[in-house]
Number of protein chains: 4
Amino acid sequence: MMSSSEMREKCGVFGVFNHPLAADLTYYGLHALQHRGQESAGIVASDGERFHFHKALGLVTHVFTRDILDRLRGTMAIGHVRYGSAGESGGQNSQPLVFKYRAGDLAVAHNGSLVNAAYERELLHQQGSIFQTATDTEVIAHLLARSAKQHFSEAAPEVLKKIQGSFALLMMTEKQLFVALDRHGLRPLSLGKLGDAIVVASETCALNAVDATYWRDVEPGEWLLIDEDGIQTGRFAEAEKKSLCSFELVYFARADSKIDGKSVLAVRKELGRTLARERAADADMVVAVPESSVPAALGYAEQLGIPYELGLIKNPYVGRTFIEPTQDLRELAVRLKLSAVREVIEGKRIVLVDDSIVRGTTSKRIVGLLREAGAKEVHVRISSPMVKDPCYYGIDMADKEELLANRWAEEEAMGASIGADSLAFLSERGMSDVLNIGLSEGSHHCLACFNGQYPTQLY
Amino acid sequence: MMSSSEMREKCGVFGVFNHPLAADLTYYGLHALQHRGQESAGIVASDGERFHFHKALGLVTHVFTRDILDRLRGTMAIGHVRYGSAGESGGQNSQPLVFKYRAGDLAVAHNGSLVNAAYERELLHQQGSIFQTATDTEVIAHLLARSAKQHFSEAAPEVLKKIQGSFALLMMTEKQLFVALDRHGLRPLSLGKLGDAIVVASETCALNAVDATYWRDVEPGEWLLIDEDGIQTGRFAEAEKKSLCSFELVYFARADSKIDGKSVLAVRKELGRTLARERAADADMVVAVPESSVPAALGYAEQLGIPYELGLIKNPYVGRTFIEPTQDLRELAVRLKLSAVREVIEGKRIVLVDDSIVRGTTSKRIVGLLREAGAKEVHVRISSPMVKDPCYYGIDMADKEELLANRWAEEEAMGASIGADSLAFLSERGMSDVLNIGLSEGSHHCLACFNGQYPTQLY
Amino acid sequence: MMSSSEMREKCGVFGVFNHPLAADLTYYGLHALQHRGQESAGIVASDGERFHFHKALGLVTHVFTRDILDRLRGTMAIGHVRYGSAGESGGQNSQPLVFKYRAGDLAVAHNGSLVNAAYERELLHQQGSIFQTATDTEVIAHLLARSAKQHFSEAAPEVLKKIQGSFALLMMTEKQLFVALDRHGLRPLSLGKLGDAIVVASETCALNAVDATYWRDVEPGEWLLIDEDGIQTGRFAEAEKKSLCSFELVYFARADSKIDGKSVLAVRKELGRTLARERAADADMVVAVPESSVPAALGYAEQLGIPYELGLIKNPYVGRTFIEPTQDLRELAVRLKLSAVREVIEGKRIVLVDDSIVRGTTSKRIVGLLREAGAKEVHVRISSPMVKDPCYYGIDMADKEELLANRWAEEEAMGASIGADSLAFLSERGMSDVLNIGLSEGSHHCLACFNGQYPTQLY
Amino acid sequence: MMSSSEMREKCGVFGVFNHPLAADLTYYGLHALQHRGQESAGIVASDGERFHFHKALGLVTHVFTRDILDRLRGTMAIGHVRYGSAGESGGQNSQPLVFKYRAGDLAVAHNGSLVNAAYERELLHQQGSIFQTATDTEVIAHLLARSAKQHFSEAAPEVLKKIQGSFALLMMTEKQLFVALDRHGLRPLSLGKLGDAIVVASETCALNAVDATYWRDVEPGEWLLIDEDGIQTGRFAEAEKKSLCSFELVYFARADSKIDGKSVLAVRKELGRTLARERAADADMVVAVPESSVPAALGYAEQLGIPYELGLIKNPYVGRTFIEPTQDLRELAVRLKLSAVREVIEGKRIVLVDDSIVRGTTSKRIVGLLREAGAKEVHVRISSPMVKDPCYYGIDMADKEELLANRWAEEEAMGASIGADSLAFLSERGMSDVLNIGLSEGSHHCLACFNGQYPTQLY
């Protein structure tokens, strides 16, 4: 699934405790997490007395300069990259959010989505709170400020009991770093060590980027308070069955990350292999939708012994500032981003492997590109099940009625609608078998968008 | 007093109700108020349903473009220009502040300083409020959100009873414009009409700029609520003795504004005349410190029949982005901004008229420039009394011990310290006589920085 | 004449030889010359081996930053500020121009206009030269590069013989600074000393700004070659009658400059006095069009014993990025830049003193402002004669038929056309008498735009 | 070879004749050629009467906005993307260059390097030409302007006879588009048709991007003059043996381009296969240095039946504005750009396929990354011969003595120096066999950097 316009993960978080170059490390960590959000970036550093921060719309490499990093003094820092939300202009919602409250300064960086945010926000409004952003994250800060507990170390765990949904959460005061993960473990969050420093990141690829050693994942329902007295841990909830978002493994996470102890790359390849076993296609070659579907395509090809070929090339320079063609040149839109290699494709029967289909718009265009390039047959294979239900935990799927799987009853009709000779999805069972390998008993992955079984109460 | 680094007025506010080009008018209105604050500018417009806003660091002409103005749709708008406050980087404190609270959207623009802001802020912190700015203005929003009154129209007047100090205040909801002035009338605030539209501005020069007709000043302790049902007015406090800041008349306001029914230009000229009567100097010519002191200098010259000459020329292009000379060229600093005309000055006995002296640093430099240009004598005459006490209502004076008047007991020693042959100030009585002309009984001007008599309780 | 859109001087130049902070000084020098051109600014420094330069559209304070200045290393530098020319976007024409030619690197900064530029350009085209700018200045560089003389020191004076018109010219090679002034001395150019450094500037106000001591003016037809061997001077033309542009004294130059040994301020005041003697008006007060006409207005008032009053206030923040009102608010245009003070004007008979009238558009608007503010009578007095002929030496007057003086036969009709009760100009004789004071025999000022007598051949 | 710092192709060119959206198409065409140059971008459009142009430092998507494109009116346009050259700051060298000469306006865009540029430049200097850039391209414009032929259509072909080296050249006057390729055909240049419009581009991927139909390649020594009278073609040189740069096929061109009638992707894969036949390695998997080496790696793997695995992941967000780690974090440099996947690599014997080695610095770092990730053996295989000689036709290789192949006599020592268990290069014969497939008799590719046989005279 190449199109960022169809499905959107909201954020990446990164934090450092006890390193003289905390802001620099956070810059590199966020850079490694850039795939998790390209709209805004921010870093808050603490020198033990006060905060120094900078955040703005844009990529990490555009938001920060050497001068700015140099001003972000201190041995602690947290950072955030974020995907856009509708209707905002200006970056008021950029994270980490920074507040002053009765106990001092507070910075909050959050990846996820609270299902009871609107409810809690309304309660807070009734008690006289004012909000400056439309974020769930600001709700967390308000709850903290209103906690009956006076000390941050006591108030922070209390607040976590009130919020429901998905959250990989970093909070920072002048001297403390607080880390927590929702009780279902819906979002990934890993800890690392770098000499005497503690590092925390949404994905292990960011730990690798700063040469930190992977220590362990934060557990569902767990919190950690890190300050000069050491690391204190606790639970704000009994560990429920772990339900990490399966889309992280299928699409969001970077291939070189390890999630839940498993290589993302290996999982994707295995999904491709399983898909091949379930839904083989008689074809001359396997082509991937670059870049996220390459591992699944390799697995699919390997399993069936069909060659994997580079039939589609992505223009690496398509970014946020790209000027989309106006009406008269509209038909160019897809080919400016992706190009089919005629010499590879022409006259061939193609298996096009993608990791997921949401609305099907992009798939239809890509099938069209392959047809134009002379493909004899195009068989689309998807290395995950049909997406039928919306996500309430931070993934902006299309509206339910726009989902391809809800517009057609049968795979065959779906396939026809995107112009493919055949279309087949990985089975839910097939996916579970791959994802559940190595999980502790009772744990599984959240498959709500595929099967409608939501791990949390909904509001 | 030419130096903005010695004394600083904090803000200018402007608002429009019921005009199809509300944001454009606000742009021009703020532009006319630019002298009241050059650090940041912002406009919030309401289309009746939602806000559209933009604010940033910089001059009005830099912050806004045609494109941005076009996006600020709606028939209501409020705007703000602001002087810098120490320690901020990034513009988080730029106004108007925008909030969401239980009743909807709220924008607040404020000129002034609350003497009980720290106290109220602490109370709010204890009740669990979180703050995103260091402004007094955010305190007002919190009080509003926590008011026992549910409706904005009831809550807003209530809040005004809790805040003390100086405030010319504009608040806007999706459909309502609220205007209020502190009970002492410390800051100016005038109403105008432009066809069917209502306009409100810190100074009448901004009404003139948009071709609005002056209607009347907002009265101390008065509020107005303007919406589609009309204009509702009320009082949150008995009218106390009016105590408009005398520095507005002496220095801050633009010469073409009318404050308290009096022409600022005429008042300044009369202060110069009175000064001449009190403290004549035997000299060949009168020279003004440009620009604000020109009227007083004209009055001084006229009264004594001494010629007024352009002995000092100001470089109009010195602005915020000017690169100050480094150490090796430090001595150039003053001459890059101001230049003495040797052909005028040489061999002459000069009366240098300035409107005020705070720390005396700039005065010393200007006297030096005149000496270098060959002045035979330099007699400094100040068209206001000695500044001896700090202002708690929005003017950033120097620290009390830095004030020239507190470092030397006598005028003579003060004059010597700035290199002048003589130095003389307008008497407090002389100033009062000029300022009080035409004031209603009981009213007067705040002279606290001159005589230490503060009109409000201090905290 | 406040409007820069009616008449435009093209440039200011500044140069430094032998100072460790050559680029810094040039920055401050250009800043003092900013009134001579606001469109672009540039500095070229030489470290003796190579050039370092920066130029861009914008004010001096916007074009340069501390970082940029620090990169402009070397002990020599020349700089340039420039007014806009039609049709350019992007700044290709910004000066100093920098070239590589057979002898090495060359930088050229030029104030003036060559009457034979088109002719020489065509000759050069026919010989195969290519041009990157539309400037006269590039013609000079081509002529130099094609000179039969191999050495810069010989070629440069030769080139000057071929060019006609007005030029105050700075050229720089890696090790040499070359200064020259056209044979008529149409543009001002002054030399100064600052310790061991030599400084050259379009106006003495820039020498003062960097604390250089005025040494002497460059003479018409003179050149100077300054390098480590000292200063060599010569003539490329017999000194003709000096004909410095009278508009420099009337309008362009900064009031604190000294041109031709005379204080600009004093000259302007004397023009006002002479105007008063020639064309007295029976009025209550004298009002100046700010800023350039203030000295003439003071002189006019002084001569007649009528009070000078601040009836018009200019908004100092109107600049290039100001958003002009769109159609619906068009009538605001003039009042956003200039404001009449009703309290001063109302019911009064006003003499409005301006330094010149070109098309009359602005004058008409200003008279209108005064009328709106309640003026009983408005008598316009101009401290220079009628402008009837175009300038070919660097001043962009309007087209000949657009000049107010060419649209009406009589002062009376002209006055009526701008809404004035009366209009009167200074006589040519009156102007000459003032300007010629102190000039050496045979010298005079160029009055071509007033009387059509051009000092040079025209093409 | 992932590192752009080791070897640099200079440019891409694109042109359109007779299309109402010429500038838009050029924008998309340049965007598809972005891999050929990331430092600056420029477009010149002609509306038949005059040019409209814009160029600046930065990526195509940063340099142009919708507003700017809209101003580039006209039905003809040429564009250019360019790699950086040392020592420039500011973008004066950005192309297309725009000149005025005797016949009117001229724009020039050039990909390549002239071996006699310095010689011709010196001749031109002696004849009095002045240069504003350090580019070879400006030499071409000077020669054109000095041609004995008066008409562009005659002069342009003449000039081509004087310049030697590599050039894919576009020139434009107000009404004509001129296209030419050097006599050796060292750089690629293809023609396409889009309805009634003619399109020309450095690579066919840019024709595809704008949906143009590939028409044919420009032939070595050929020129085309396209205007409203049609297309005129001619030769300025007998077709010599064609010698297209082999590095275009190995590394520079985008994989979906077709060069010389051959799919770049297919050629690279075949180079990998041939390499496998020549220099098989006993290993568990094949890993590519992303992105350019993926096809060769696939070919290598396929030939030997070893699995191709994604052992290295590239961070797609590393760009020009990336802040390189300071001294204390220097060891992070390579891992921020490239990441080895431990789960894939650990305990395995790896064949690392790269397309070329220049200095070997990057190869050494990548081998190190694989070792850290637990690789048991690392065998480096290069799908081109050793680079031993500098390129004079536009590729910035390292200095000759820095080339890895010149620092060690044997492959074994080279391999050891980069930490590999073995290192092997494709033979020159092996490369020629692949590249020469389908070439017309006598044609071949330029292999000068591999074997020192330069197709042109050197100066």
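Please read every residue number as a count from 1 along the shown chain.
Each Cβ is built from the backbone N, Cα and C atoms, and glycine gets one as well.
Just so you know, TrEMBL annotations never went through curation; they're auto-generated.
As the structure is a computational prediction, the values presented were derived from the model and not from experiment.
Over the domain 'Glutamine amidotransferase type-2' (B:11-229) the predicted model carries a mean pLDDT of 93. Residues annotated as domain 'Glutamine amidotransferase type-2' in TrEMBL: B:11-229.
Per TrEMBL, active site, nucleophile is recorded for B:CYS11. Annotation for B:CYS11 (active site, nucleophile): same-chain Cβ neighbours under 8 Å, separated by at least 6 residues, are B:ARG36, B:GLY37, B:HIS80, B:VAL81, B:ARG82, B:TYR83, B:GLN95, B:ALA109, B:HIS110, B:ASN111, B:GLY112, B:SER202, B:GLY394. In the three-state DSSP scheme, B:CYS11 (active site, nucleophile) is classed as strand.
Among the features that TrEMBL reports, [4Fe-4S] cluster binding site is placed at B:CYS245, B:CYS391, B:CYS446, B:CYS449. For B:CYS245 ([4Fe-4S] cluster binding site), the Cβ neighbour count at a 10 Å cut-off comes to 29, with all displayed protein chains included. Mapped onto three states, the DSSP output places B:CYS245 ([4Fe-4S] cluster binding site) in strand.
Taken from TrEMBL, the feature Mg(2+) binding site covers B:SER292, B:ASP354, B:ASP355. Secondary structure at B:SER292 (Mg(2+) binding site), taken from DSSP and collapsed to helix, strand or coil, is coil.
The binding-site residues B:ASP354, B:ASP355 differ in how many other CB atoms lie within 10 Å of their CB, and the one with the most is B:ASP355.
Distance between Cα atoms for B:CYS245 ([4Fe-4S] cluster binding site) and B:ASP355 (Mg(2+) binding site): 15 Å, as a whole number. Long-range neighbours of B:CYS391 ([4Fe-4S] cluster binding site) (same chain, six or more residues apart, CB within less than 8 Å of its CB): B:CYS245, B:PHE247, B:MET397, B:ALA448, B:CYS449. Sequence-ordered, the extra residues of this chain that approach the [4Fe-4S] cluster site, with Cβ no more than 8 Å from the Cβ center of B:CYS245, B:CYS391, B:CYS446, B:CYS449, are B:LEU186, B:SER246, B:PHE247, B:TYR393, B:ILE395, B:LEU447, B:ALA448. Residues within less than 8 Å, Cβ to Cβ, of B:CYS446 ([4Fe-4S] cluster binding site) and separated from it by at least 6 positions along the same chain comprise B:HIS184, B:LEU186, B:SER243, B:LEU244, B:CYS245, B:SER246, B:TYR393, B:TYR454, B:PRO455. B:CYS449 ([4Fe-4S] cluster binding site) falls within a helix when secondary structure is assigned with DSSP.
Neighbour count (other Cβ atoms within 10 Å of the Cβ, all protein chains): 27 for B:CYS449 ([4Fe-4S] cluster binding site).
In the three-state DSSP scheme, B:ASP354 (Mg(2+) binding site) falls into the strand class.
Of all Cβ atoms in the protein chains displayed, 22 besides its own lie within 10 Å of the Cβ of B:SER292 (Mg(2+) binding site).
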